[in-house]
Structure formats: structure tokens, C-alpha cells
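Q: Quick one: this structure, given as C-alpha cells, is what I'll be asking you about.
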């Protein structure tokens, strides 16, 4: 009689995500798929409750089969008695072989209903490394087919990047939605702010403000040190100019090498501002002028800089010079000069919110995200690298489309462009967007501000760009050993081609690549994406309430047209031009919500979900985290010496992804 072979014992560890209601009462079974075969289903069950949130539980599976290398695990989620199905947040599965080797199978998503769900062993691989394995090659292919069916594109507005075909956050997979903590925090913030404004009788109050001091009644206990500073210094010319370096709109200014023909400012106009020791022409020639035309609103201005001072000294409120388009100067009457600055700040708001914020971060990143899900399988190293930087972006973008951007939505009612105007402005912005504008070192050089002093956005941003670039280079170097490996990665090429088509409409003049041929090109492209998801968004989002809570510094609309002549301007005219009480308070409410972290935050470089399972990537991540810590220490030390600290790009304040 033949001896019965000893069973092969595998230890199975199952990690449930630490989310509210993340556990399940459903029956969970597992099948192991190896190079030599597949086991039948084994129910994972012990005495007591299994699969509780935040717990790692161990089970034993015995089989008579020799499986070889474990390639996949199949999870079978099935009914438990007569109980209804419960969702399960699975973090990972670990399988320990009889030889003591441990294989991790990352999951990090919600499993709904009663599916059979396959997880692949976590080693990152590009497609050519699976070419000789039919099982894994098919797994890659079917995963992408399923994702392409789930994540479809649609047009939201003509000339915009495409977006996800979903009309509500309820249409998102649970893994793409806010966590319970984040959703609850959002609702509490919204209701608290609404109740405060309603109790004060401001939210629905039409009509002009009676005096600027009344604005302090709005959000009286929602103040920050910076918003307080702004309310005290907003009307100072030096602080007005400072904001274009280190305020909510730090990417607008550019060096002026000649005086534009459509801006006929003369030496006589600005002599009192510049002083007798210099001239306008000398300032331009000696490279001390920074200028910017805000084309979409027709506002021109010049900014004078030296070691300690940044100040505008002339404005024109239209693009067409002439007798009905006066140039406003600091030597004009108090309220004429103030009104000109209000118009510039109003124009800056449009550029900031609709282009620098909405287009350059939210809308672009949504396409980066969708292309990653649709063209790169979970085992692809680029997918693993990028996926933490897309967390919750679909949720916040759909909220934005349904509540903020839609016709008759909040922005339609609160900003002067209205829905049609903002739609056209975003489309025009995309038609002019270039690759170099999203790559910070190139952008600073192209704008001629790479050597500008006291430009803390530039200083901190360059440090973070360099750290991210080093991080990406370290990761990519583990998987792409030559330019040919990049060139021949068809999944990667399909990914970048889809972004070029769906985001940039295949516009060659944009400079965005439709193909990546070298390791250096891939490194720069990925650096740009991660920087956009994190640092760029932090710079334009986190500062909104600080610089916009004091409405005169950030008016969302102007109720009268720009003045066509000088003289006779009064304080009453100012109040009749600025937004009314209700519009001001609703804009404050939006800025508060968009600037506040709603819980469940993950700062730049914090990766609690281990998508990479090998030691090499873990070491690269650790090095990146050390670099970020050093940068943070430098920023904290610098800020101690500043009257107004610039903390928006301090790594702990920068979120990994666009989630707000």
C-alpha cells in the first residue's frame, strides 16, 4: 500500500483595510495559482469574527499539490447564510510557502458583491517580462479590457480635456470615492460655515457692503494668521505686488524685455514711482522689470523689484489703448488707484481659479489618472508609482463639475465670466498650454524669473521638483535599464499617446510628447505628473482662503464696467463695483471648503499602501522621504525670519494627490 504523501502547508495572511465598515461578514475563500497548477477553494475561517478593519489574520491551507512559484491568488466572496452582502476593503494577501518564502499580493481596494477576484503577486513588471507566460500575459490583457470598459471618457465642454463619463460620485466605484472620514469631515465643514453665515444674516443678503469693515463679520472665527495679515496690508502697493510672487497666484509674472505697444506708459507718468535716478527704459534694459499682461481680462501692469520691494506702478484696464482706456498710476486719487487694483485682482482670480487651478491641475490630472487605469495594469511599475498621486481625484472633480462648474452652479453665479465665459477661458487656456509650462525649471526660465529674489514659490518648488525627479529616476532605473526598454514598452506608449489625444487633442505645438523614447524623457514626464498632482496643486489651492477671505483682495466679480476716464471716483463707487454681500459670502464659503483639509490626508512621500513589494523601491522611497524631511526643515528655518511665512510647499502641507 502506497504511503500517503505529506500535505504541503501554506500560511495565508489576510489584511483588511483600516476603514470604517471596512470589514465583512461574507464568506471568503482562496485559491492559489502557481506555475505547476491551481488548488481548489479553501474557505478562510477561524473561530470568532474574521476580516475586521485594520486586522491581519492568519490561516493555514493544506494541499497535496506542489504549486511551484505562486503567481496569482483568487479570492471568492460568497454569501454568509441569509445575511445581505457587505463590502470588504482588502489591503493585501500574503502567502508563505513551505520553504519560508513570503509573496505579497497587493489589493488596496473595496470588493463589492460576490465576485471571484484575482490578485497578482506584487513584483512590478513591464510587459516584456511576462511575454513567455501566457497566464500572466492574459491577466494583464483582461485587466486592461475591464478597466477600459469601466472608465470611459466623455466631453464636458468643447476644447476642454476629456473627463470621466460619470454624472455623480455615486457612479464611482467605492474605491474611487472619499472615505467615510473624509466625506463626514466635508459635510461638517460645509454645514458649519453655512450655519454661521445664515445666523449672521449674510448668505442671502443682497446689496452692497456699507463699509469694508463689515466684511470682518463674515467668518469671524475662521481666520488664519495669513488672512489676518492680508486684511491689514491688502491696500499697500508693496504687498499687492508681493502676492504675485508668493500669494495664491505665483505663476503669473514674467520678465518684461520691452514695453508692449498696446501699453503706452511714458516716463512722465511713472517718474514719481520710479524716482529721478532712473527711467522706465533703463529699468527694462537693466533687467529689473517684471511684467505680465492678463490677456483674458485685458489688464496690463508692470512690477518693479529689488531686494526688498515688489510693487506695481501702472495699470491699463483694457487691451486697446486710447482716450477711453486710461493708464492708472499710484499718483492718482486714492480710490481711482484702489479701483484699478481691484480690477487687477479680479482678473487674477479668473486666471488663478480657472487656469492655474482648475485646468493646470484638476482637469489635466484626471486624464493622467484615467489613462493610467486604462493603459497600465496594476503590476506595471509606472502604475504603481503614480497611483498614490491620484487618490480621490475623481471624486473631487465630479463634485466640482456637478456643484461648482455646472450651468447655474456656484461659480456661474459668483464670478463675472459666468458659465459660458469660464468655459471659453478654459478652452483658450488649453489651446495655449505647453509642456514647458508644467515643468517648473523650464517654466521659470521661459518666464525669465529663475533668478528673481524673495520668490519663495520658486525656491521651494525647485527643491521639490529636484527631489521628485531624483525619486522618479531611482524608481525608473530599477525597471528600465536602457532607452530601448522605454521605446519597446507598448503599454507605456499607449498610455502617453492616450494622454496626448484625450488631454491635449493631439496639438503638436503644445510640446507634450505623444511618444517616449528614452529613460530621460520618461523621467521628466513622470516628474511633471507627480509635481502637478502634489506641489503645483498645493501652491494654488492651499493659499486660496488666506488671500481671498478678505474680499477686497480677491473680488470674484465686478458689478460695474472698468472706468473709461479718471476723476470723481468715490468710496461709494467702490462699494457699488465690488461684489455684493451674498456673492462675497458664498465665495468665502467656497474658498474655505477648498482650502481646508477634510481629514484622511496623505502628505507628499507618505505611502502607507505598499504597491511596490520589492526592497529596491522601498529604499528609493526611504531616500525620497529623507530628502523631503530636509527640505521641510529648511523651509521652517527660513520662515522663522519672514514677517509672512510661505508654508504652502512645506512637504507636510503638500498632499500626495488632488483630493480637495
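Each residue, glycine too, has its Cβ placed from N, Cα and C.
Remember, TrEMBL labels are computer predictions, not curated facts.
Reproduced below are the annotations present in TrEMBL:
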type    : residues           : note
DOMAIN  : 8-125              : domain 'PLAT'
BINDING : 23, 45             : Ca(2+) binding site
SITE    : 110                : site 'Essential for stabilizing binding to COTL1'
DOMAIN  : 126-660            : domain 'Lipoxygenase'
BINDING : 357, 362, 537, 660 : Fe cation binding site
Q: Roughly how many Å lie between the Cα atoms of residue 362 (Fe cation binding site) and residue 45 (Ca(2+) binding site), rounded to a whole value?
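A: Rounded to a whole number, the Cα-Cα distance is 44 Å.
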Q: Given the binding-site residues 23, 45, 357, 537, 660, find the one whose Cα is closest in space to the Cα of residue 110 (site 'Essential for stabilizing binding to COTL1').
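A: In terms of Cα distance, residue 110 (site 'Essential for stabilizing binding to COTL1') lies closest to 23.
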Q: Neighbourhood of the Fe cation site (357, 362, 537, 660): other residues with Cβ within 8 Å of the Cβ centroid, in order?
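A: Leaving out the recorded residues gives 358, 361, 396, 540, 541, 594, 658.
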Q: If I take every residue in the domain 'PLAT' (8-125) and average their pLDDT values, what number comes out?
A: 92
Q: For the domain 'PLAT' (8-125), give the DSSP counts of helix residues, strand residues and coil residues.
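A: So the domain 'PLAT' (8-125) is made up of 0 helix, 62 strand, 56 coil.
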Q: Could you round the CA separation between residue 660 (Fe cation binding site) and residue 23 (Ca(2+) binding site) to a whole angstrom and send it over?
A: 27
Q: How many Å lie between the Cα of residue 23 (Ca(2+) binding site) and the Cα of residue 357 (Fe cation binding site)?
A: 37
Q: I'm trying to understand the geometry here, so how far is the Cα atom of residue 357 (Fe cation binding site) from the Cα atom of residue 45 (Ca(2+) binding site), in Å to the nearest whole number?
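A: Their Cα atoms are separated by 49 Å.
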Q: Write down the Cα-Cα distance for residue 45 (Ca(2+) binding site) and residue 537 (Fe cation binding site), rounded and given in Å.
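A: So the Cα of residue 45 (Ca(2+) binding site) lies 45 Å away from that of residue 537 (Fe cation binding site).
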Q: Looking only at 23, 45, 110, 537, 660, the recorded positions on record, which one has the least crowded Cβ, with the fewest other Cβ atoms within 10 Å?
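A: Across 23, 45, 110, 537, 660, these recorded positions, the one with fewest Cβ atoms within 10 Å is 45.
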Q: What's the number of neighbouring CB atoms sitting within 10 A of the CB on residue 362 (Fe cation binding site)?
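A: Its Cβ has 21 other Cβ atoms within 10 Å.
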